[in-house]
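Annotated features, as they stand in TrEMBL:
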BINDING   8-13, Asp33, Arg38, 86-90, 127-128, Glu161, 272-275, Arg342  NAD(+) binding site
ACT_SITE  Cys272  active site, nucleophile
DOMAIN    328-452  domain 'UDP-glucose/GDP-mannose dehydrogenase C-terminal'
Amino acid sequence: MVKICCIGAGYVGGPTMAVIALKCPSIEVVVVDISATRIAAWNSDQLPIYEPGLDDVVKQCRGRNLFFSTDVEKHVCEADIIFVSVNTPTKTRGLGAGKAADLTYWESAARMIADVSKSDKIVVEKSTVPVKTAEAIEKILTHNSKGISYQILSNPEFLAEGTAIQDLFNPDRVLIGGRETPEGRKAVQALKEVYANWVPEDRIITTNLWSAELSKLAANAILAQRISSVNAISALCEATGANVSEVAYAVGKDSRIGPKFLNASVGFGGSCFQKDILNLVYICECNGLPEVATYWKQVIKINDYQKSRFVNRVVSSMFNTVSGKKIAVLGFAFKKDTGDTRETPAIDVCKGLLGDKAKISIYDPQVSADQIRRDLAMNKFDWDHPIHLQPTSPTAVKEVTVTWDAYEATKGAHGVCILTEWDEFKRLDYAKIYENMQKPAFIFDGRNVVNPEKLREIGFIVYSIGKPLDQWLKDMPAVV
Ligand SMILES: NC(=O)c1ccc[n+]([C@@H]2O[C@H](COP(=O)([O-])OP(=O)(O)OC[C@H]3O[C@@H](n4cnc5c(N)ncnc54)[C@H](O)[C@@H]3O)[C@@H](O)[C@H]2O)c1
Ligand SMILES: O=c1ccn([C@@H]2O[C@H](COP(=O)(O)OP(=O)(O)O[C@H]3O[C@H](CO)[C@@H](O)[C@H](O)[C@H]3O)[C@@H](O)[C@H]2O)c(=O)[nH]1
């Protein structure tokens with residue numbers, strides 16, 4: 001029986017391995033992690049992450065050929081194929097701070113593999129890493145290899161949160177990069193055979209190591225660039241009376257462009273886009289390509305601009321101050337169908353409003369009050385380091401309350417900001433919400449989920465990203 005061990009039981013390691021176990025009953029899969037609480041949660045009825053369909057997959061295989069364990073060394077030692085799916089956050093200090101990927105967790109995993117292995121291994125980079133990381137990992141593994149042969153493969157993951165199971169069941173492609181040697185090709189073939197249990201062969205792409213590593217960073221940069229492009233256009237729409245949804249639809253009808261990833265928003269969030277672009281920028285700078293670095297940096301600048309533009313719009317339209325006013329925030333996760341808040345635009349928007357002394361009342365169906373308080377108290381780039389996984393004592397964010405109901409959050413509020421596109425926000429009784437709010441009552445829709453015309457009929461003053469502005473908003477221009 002082939003044995004797989006995955007180091008890192010996070011948003012990628014957990015779902016990816018659960019699907020491999022489901023689709024390959026003859027393979028034993030063990031997911032290991034240094035976080036005992038995470039592993040305990042994977043072994044319980046309350047999984048550590050919310051992902052539609054995940055419970056079902058885990059229930060089918062856990063205890064059969066899928067296991068979660070803290071005994072990292074034992075399972076690494078026994079495995080034929082080791083996936084490394086640890087976090088690779090942005091460095092917060094030292095050389096490259098604020099840009100370069102922090103490979104501390106990766107390096108310690110590689111050193112541990114080298115220490116405990118007694119047989120040949122295929123080591124698979126599942127984490128997103130800088131191009132050329134495999135070379136460094138190879139050096140660590142082979143430095144004291146005791147005659148053991150290691151083959152390093154790059155197999156980046158393309159799943160998106162909220163649709164992870166669907167993406168894993170039916171991926172657009174699986175990418176495997178390996179050394180162009182007979183041993184390298186053999187290792188690529190071995191991993192290909194795992195995926196071939198459910199992925200059609202023409203969707204399994206094989207490349208050299210560097211192409212696979214770089215393709216992951218390039219894909220995320222290009223996806224994020226589309227969002228920044230449409231968000232930049234949304235600002236121009238507001239200035240001219242064009243409607244960004246109509247523009248995006250018309251543009252996306254061009255088959256060379258396509259309709260996906262053209263939804264204007266308050267900004268993109270999530271643990272990947274910003275981190276991976278910053279990493280790409282750093283790699284370009286290190287390779288003497290400052291023009292290329294500046295080009296990609298602009299994608300993040302527009303994202304930051306979009307978030308501050310939103311805050312400015314809220315403040316300026318409410319008589320240029322939100323001091324002491326209750327603002328309801330609907331949605332805190334970085335997108336719908338996940339409880340993940342890493343780099344969510346809601347953090348920056350809330351911090352901006354708190355900076356103007358607003359009183360904030362937050363409701364999100366999947367994010368806990370503790371998590372929200374921790375996020376609002378955290379420094380930039382600290383969010384994806386393991387200390388974040390430990391329960392820390394949250395600095396009191398006094399002007400924030402967290403509710404478990406959208407109606408409670410909006411009661412007595414002066415304004416409502418919609419920051420995540422949860423489906424339930426489309427179905428709320430906005431007439432009832434209006435009744436219970438201060439007047440004039442404002443709605444700022446950062447996700448274009450509500451129908452502005454219907455809300456205006458109720459009496460709201462409505463701001464929707466990139467849509468024609470109310471006269472009120474035109475009279476109260478936002479200074480950026
Ligand atoms: N989240 C996503 O949607 C997504 C999608 C594709 C790729 N990625 C990439 O995958 C990687 C993992 O992302 P994630 O979101 O799953 O991160 P995560 O923080 O949810 O999980 C990483 C896990 O690794 C564990 N870990 C760290 N060092 C370890 C060690 N030495 N030994 C054992 N366990 C260790 C941590 O405790 C943590 O539980 C990152 O490189 C990320 O960029 C993420
Ligand atoms: O048209 C769009 C599409 C997305 N978003 C926002 O962009 C962010 C990222 O969304 P999405 O890409 O769907 O989720 P992620 O889970 O971050 O997935 C991205 O990052 C992963 C980690 O690398 C990759 O594996 C995925 O392929 C890539 O889509 C979220 O805040 C979305 O709300 C928009 O504002 N407009």
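Even glycines carry a Cβ here, placed using N, Cα and C.
Feature annotations (TrEMBL) mapped to structure.
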residue	record	Cβ contacts under 8 Å, 6 or more apart
Gly8	NAD(+) binding site	Val31, Asp33, Phe83, Val84, Ser85, Val86, Asn87, Tyr105, Ala109, Lys126, Ser127
Tyr11	NAD(+) binding site	Ile49, Glu51, Glu161, Ala164, Ser271, Asp340
Cys272	active site, nucleophile	Thr128, Asn220
Gln274	NAD(+) binding site	Thr90, Ala224, Phe268, Ile300, Asn303, Glu343
The number of other Cβ atoms within 10 Å of the Cβ of Glu161 (NAD(+) binding site), counted over all protein chains shown, is 24
Reading the DSSP string in three states, the entry for Thr90 (NAD(+) binding site) is strand
Per DSSP (three-state), Gly8 (NAD(+) binding site) is coil
Result for ligand 1 contact check over binding-site residues Tyr11, Thr90, Gln274 with Cβ cutoff under 6 A is Tyr11
Sorting the recorded positions Gly8, Tyr11, Thr90, Glu161, Cys272 by sequence and keeping only those with a Cβ under 6 Å from ligand 2 gives Glu161, Cys272
Summed over the domain 'UDP-glucose/GDP-mannose dehydrogenase C-terminal' (328-452), the DSSP helix, strand and coil counts are 40 helix, 20 strand, 65 coil
